[in-house]
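Database features, via TrEMBL:
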- E139: active site, proton acceptor (ACT_SITE)
- H138, H142, E161: Zn(2+) binding site (BINDING)
- 67-284: domain 'Peptidase M1 membrane alanine aminopeptidase' (DOMAIN)
- Y224: site 'Transition state stabilizer' (SITE)
Amino acid sequence: MNQVGEVANSPGPGLTTVQFATSVPMSTYLVCFIVCDFDHLPPVKSNSGFDVSVYARADQIQKMEYSQQIAVSTINYYIDYFGIDYSLPKLDLIAIPDFVSGAMENWGLITFRETSILYDPNFSSTSNHLGVTLTTNHELAHMWFGDLVTMKWWDDLWLNEGFATFTAFKGSAHNHPDWDLDTIFLINDLSDALALDSTLSSHPIIKHVSHPDQITEIFDRISYAKGASVIRMLEGFMGEDSFRQGVQSYLQTFQFKNAETSDLWRHLQQFSAAVNIQHVMDTWTRQMGYPVLTVTQAGDTITVTQQRFTIDQNATYDLNESEYKYKWDVPVSHWHIP
């Protein structure tokens, strides 16, 4: 939050009391304070008029120029896409040496490991360019999914991480329309999800959490990559416009509140008369795995069957382990070509 006052020699000689504006309601895990002697680049204003600033060690600050440009471009795009303005008076991004995580979406003060945000156009690799772009846009997406609307409990972590992963590709495609981000998503995320979820040791996207150790465990590629993949599938059969309207309705209703997956389904359903969203998506989010479809033709009849895919062809499992018996509702489109 912005500084609103300063009192010298308070509460004692040589001390200063600094007052900050009252924050919006936020989850405690998103609160962040940083005391440092880092340098910064001049702030850049968003289309909404708030400052976007970047901070780093003095000898690294010029490598924050690209991230600042991306942040301003993406935040403007997200404000338009989500239909809700950014909720705070400023946005700061800071590069921290040896930061334990790749990045953390503290509301209004996003922290990054230096390797996740510093970019030098003269020396950085193409892979680093992509990684910095996606990581920055992932964290910015959290300003809505995770910060403005927070999951009610850790069972629904995927609402934060799946959506941020999915939306980061939209933001990055806006920044770099020539990058073929759809193909990059298939290679980086969908392929990861398919590989991990084909094993018997996988878990559902929505997984009950009853112990603190389980919280850390679910920060994995199922929550991130499979979560993003099923959201992408959902957008595909709903249509981009209907999906976006449902997301906007969900965010508008639950801003500064907590939500569950069923709340998202309910708001998306308002814009999808043809498909029962919860009926379809529960089979994809509340059981692990995915199906392989087999299509056969006999005369004029085409039959589509499904079976759970496992990478180990000799693997055995109990259908009763899953409430849905390892069957999935699969929206199928077909074309007749004379």
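From the backbone N, Cα and C atoms, a Cβ is placed for every residue, glycine too.
Listed in chain order, the extra residues whose Cβ falls within 8 Å of the Cβ center of the Zn(2+) site residues H138, H142, E161 are E105, E139, A141, F145, G146, N160, F163, A164, T165, A168, Y224. When the Cα atoms are compared, H138 (Zn(2+) binding site) and Y224 (site 'Transition state stabilizer') turn out to be 11 Å apart. DSSP classifies H142 (Zn(2+) binding site) as coil under the three-state reduction. Within the same chain, residues at least 6 positions away in sequence whose Cβ sits under 8 Å from that of the residue listed as 'active site, proton acceptor' are L93, A103, M104, E105, I110, F112, A164.
For E161 (Zn(2+) binding site), applying a Cβ distance below 8 Å and a minimum sequence separation of six or more within one chain yields G146, F219, S223, Y224, G227. According to its DSSP assignment, E161 (Zn(2+) binding site) is helical.
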